[in-house]
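Copied from TrEMBL, the annotated features are:
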- 12-34: transmembrane segment (TRANSMEM)
- 46-69: transmembrane segment (TRANSMEM)
- 81-103: transmembrane segment (TRANSMEM)
- 115-138: transmembrane segment (TRANSMEM)
- 150-167: transmembrane segment (TRANSMEM)
Amino acid sequence: ALALYFEGLYNFLNLLFAWYGLANYYIFFVLLSSSLEDPSLKMPKAITIINTSLHYLYTGTLIGCFLLSMGNRPQGAKWKYISAMIIFGCLALYMLVACVLILVKAVKGGANATLYAQIVISLIATLGSWITSSVLALDPWHLLTCMLQYLLLAPAYINVLNVYTFANLHEFSWGTKYQNII
């Protein structure tokens, strides 16, 4: 009975993190892209327009994924889901470049200390947890070989798959639908 309690608690926490993962990822995207507008980074003035258009692209793609998942099978809208994953991968690449620029500026010390310190601390905590978990699993080499692919696919997993999971609640067949057709 105690094992079932812990399993239920684990499933509840997993659902909670998945539910808020969409919002957390969007907030981090907005925080990173808005940090590029800081005058100390000496970015061109067009960065504001680029960030605004990328925010709209992110939101529009997320809404598109929501509308796609309201009854369509992923096989029926294969190219639409692939294009959403490519868009989220490009946005992840933009976030990665923004992270590197902000990290370099924070290390040099000529930046807004509180905002950049928060970003650097969150990056160190994330990388530290990845390194710790890979060492505990006795498989640290995948960090070197698969880190870039994971970073580019993570927003697709977080956004596309979670939206499909939460919005596709009308079908509870557990994957056995149409199995009685010969």
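Any Cβ shown, glycine's included, is placed from N, Cα and C.
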Best-contacting stretch, by C-beta pairs under 8 Å, relative to the transmembrane segment (115-138) and drawn from 12-34, 46-69, 150-167: 12-34
Same-chain residues near the transmembrane segment (12-34), Cβ under 8 Å, at least 6 residues beyond its ends: 51, 54-55, 58, 62, 91, 94-95, 98-99, 102, 119, 122, 155, 158-159, 162-163, 165-166
